[in-house]
Amino acid sequence: MRVKHKPWAKDRLEEFPAIYIKNPEDFKGRWQEVFGNNNPIHIEIGSGKGQFISGMAKANPEINYIGIEMIESVLVSALDKAIEAEVPNLRLVARDAKLLEESFEKGEIAQIYLNFSDPWPKKRHTKRRLTNPTFLTIYERLLPKAGEIHFKTDNRSLFEYSLVAFSEYNMLLTFVSLDLHNSDYEGNIKTEYEEKFSAKGFPIYRLEAKFDRD
């Protein structure tokens with residue numbers, strides 16, 4: 001996806017420190033202080049323009065949400081949605097997923113969402129996929145024993161790759177759908193991409209998984 005550069009995005013984000021956390025590493029192990037409560041924390045990696053994460057925060061006030069998007073020119077759109085939604089349980093962070101452990105303590109995150117991640121179709125880019133074992137290792141450290149990963153995509157190849165990656169990592173697949181919008185699943189909140197692709201008739205794939213720990 002080609003992103004239009006917005007040179008003013010960084011300044012705009014920093015105008016709202018109650019929503020945008022400029023230096024998330026300062027709060028490693030202390031995110032409950034940021035939210036002012038002990039509610040569980042869910043993160044979305046690759047939040048894009050923020051429709052999903054704002055919707056989740058609105059629908060579930062008893063859960064704290066953090067939207068993570070490394071491109072500030074994209075994250076500024078998520079900021080606008082957060083402001084409009086008036087959700088006190090949402091924060092936004094501009095960081096690369098590879099650096100998550102700099103900002104979160106072991107077991108500090110209750111749930112992770114991966115929605116319509118870049119499929120990186122070329123074989124030489126496999127390690128960049130957010131469901132690659134390198135990233136699964138990071139997620140395993142951040143999640144508690146019962147923590148889950150929820151993954152959605154319109155890309156069948158990425159979905160199949162992810163199913164194999166999760167299984168080979170000995171994760172438990174607790175939910176799998178090859179056509180989410182025509183399933184019995186309730187409570188789905190759509191992303192911008194999801195609306196776009198489903199409107200064109202493409203099936204949406206979804207899975208839920210957790211790490212198999214003793």
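Every residue gets a Cβ built from N, Cα and C, even glycine.
Note that the structure is a prediction, hence the values are computed from the model and not measured.
According to Swiss-Prot, the features are:
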- ASP118: active site (ACT_SITE)
- GLU44, GLU69, ASP96, ASP118: S-adenosyl-L-methionine binding site (BINDING)
- LYS122, ASP154, THR191, GLU192, TYR193, GLU194: substrate binding site (BINDING)
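For the pair GLU192 (substrate binding site) and GLU44 (S-adenosyl-L-methionine binding site), the C-alpha distance works out to 14 angstrom. Among the recorded positions ASP118, THR191, TYR193, GLU194, the residue whose Cα lies closest in space to that of GLU44 (S-adenosyl-L-methionine binding site) is THR191. The least crowded of the binding-site residues GLU69, GLU192, judged by other CB atoms within 10 A of its own CB, is GLU192. TYR193 (substrate binding site) counts 19 other C-beta atoms within 10 Å of its own C-beta, drawing on all protein chains shown. Distance noted between the C-alpha atoms of GLU194 (substrate binding site) and ASP96 (S-adenosyl-L-methionine binding site) is 22 Å.
The separation of GLU69 (S-adenosyl-L-methionine binding site) from THR191 (substrate binding site), Cα to Cα, is 14 Å. The CA atom of GLU69 (S-adenosyl-L-methionine binding site) is located 19 Å away from the CA atom of ASP154 (substrate binding site). ASP96 (S-adenosyl-L-methionine binding site) sits 20 Å from LYS122 (substrate binding site), taking the C-alpha atoms as the reference points.
Look at GLU44 (S-adenosyl-L-methionine binding site): DSSP puts it in a strand. Annotated pair the residue listed as 'active site' and TYR193 (substrate binding site), C-alpha to C-alpha distance, rounded: 11 Å. In sequence order, ILE45, GLY46, SER47, GLY48, ILE68, MET70, ILE71, ALA97, SER117, LEU130 are the same-chain residues whose CB sits within 8 A of the CB centroid of GLU44, GLU69, ASP96, ASP118, the residues recorded for S-adenosyl-L-methionine being left out. Of the listed recorded positions ASP118, GLU194, the Cβ environment within 10 Å is emptiest of other Cβ atoms at ASP118. Under 8 Å, Cβ to Cβ, and six or more positions away along its own chain, ASP154 (substrate binding site) finds PHE116, TYR193, GLU194, PHE197, SER198, PHE202, PRO203, ILE204, TYR205. Here the binding residues for substrate are LYS122, ASP154, THR191, GLU192, TYR193, GLU194. Their largest Cα to Cα distance works out to 25 Å.
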